[in-house]
Amino acid sequence: MAAPPRATAVLAGSGEDGQLGMGGNEEKDWAHCVEALGSYAVTAVVAGSRNSLAICEDGRLFTWGWNQRGTLGHPPKTKTESSPGPVHALAGLKIVQAAIGGWHCLAVDDNGHAYAWGGNEYGQCGEEPERKEDGTRALRRDIPTPQRCAPKLKVRQVAAGGTHSVVLTQEGHVWTWGQPWPPGDIKQISTPVRVQGLEKVRVIAVGAFHNLALTEDGILWAWGNNEYGQLGTGDTQPRSHPIRVEGLSDLSLVDIAAGEENTGGLDLEMIRVVAWSP
């Protein structure tokens, strides 16, 4: 019996920052294979606004695109890199899932250890502030090399927002850090804080400034910015704590996704996409 075909990354769209991984910055109107990954068994691809990454079957992580803030997992030699390259700082680890935020990235390995790199001005990479000689404490603006974050948590899934991070633990709890939303008195939060009111969460999804959590009983919860109605609550008021998304009780949701200003869910029984917000 012939071996099954090897999975490869396929991308299309804007390539101004090299995020298509095809060795240039031109735009592609049609899907093209990322030839540089042709010899690897790619199991997942994550596309951000300006950079991309791929996870291989053996757990290796490749990144490409914009790197001015260290979003590719190594100090920037040039502003952009248009060909995929391995993240050497994570060599030897089996990465199983990853996420791209506004200008930071997260990843989790098969041992439940989470890693973060890229922009960190709001503490979204989870690094504690450095103490200066005058006694003040300041965050590093950029963290170009992946480092452990949320070390006390056994992580199952990571999700990255515009300036915050969210993780789902193996116990089904949700933790977050970075810039809170609604911001109010904006402050830097580097230490993970558990999101209260959520138990037995199956999967999480994060937009630029809003968050979703789907529990094992099929209930969808949302919190954060709601300027465009992306929380599905029927109004545009932000929520600082999770609120149940009503009107979906007749659906059996199995997966969720969150964009910059919109939200969507997949219903297993009807095999249909449910979306709201313009």
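Each residue, glycine too, has its Cβ placed from N, Cα and C.
Keep in mind the model is a prediction, meaning the values are calculated, not measured.
Per TrEMBL, domain 'RCC1-like' is recorded for 11-267.
Among the features that TrEMBL reports, region 'Disordered' is placed at 1-21.
Taken from TrEMBL, the feature repeat 'RCC1' covers 7-58 (among others).
Annotation source TrEMBL lists repeat 'RCC1' at 59-111 (among others).
Looking just at the repeat 'RCC1' (112-171), the mean pLDDT is 91. Residues annotated as repeat 'RCC1' in TrEMBL: 112-171 (among others).
Per TrEMBL, the feature repeat 'RCC1' maps to 172-217 (among others).
Among the features that TrEMBL reports, repeat 'RCC1' is placed at 218-269 (among others).
With DSSP states grouped into helix (H, G, I), strand (E, B) and coil, the repeat 'RCC1' (172-217) comes out at 0 helix, 19 strand, 27 coil.
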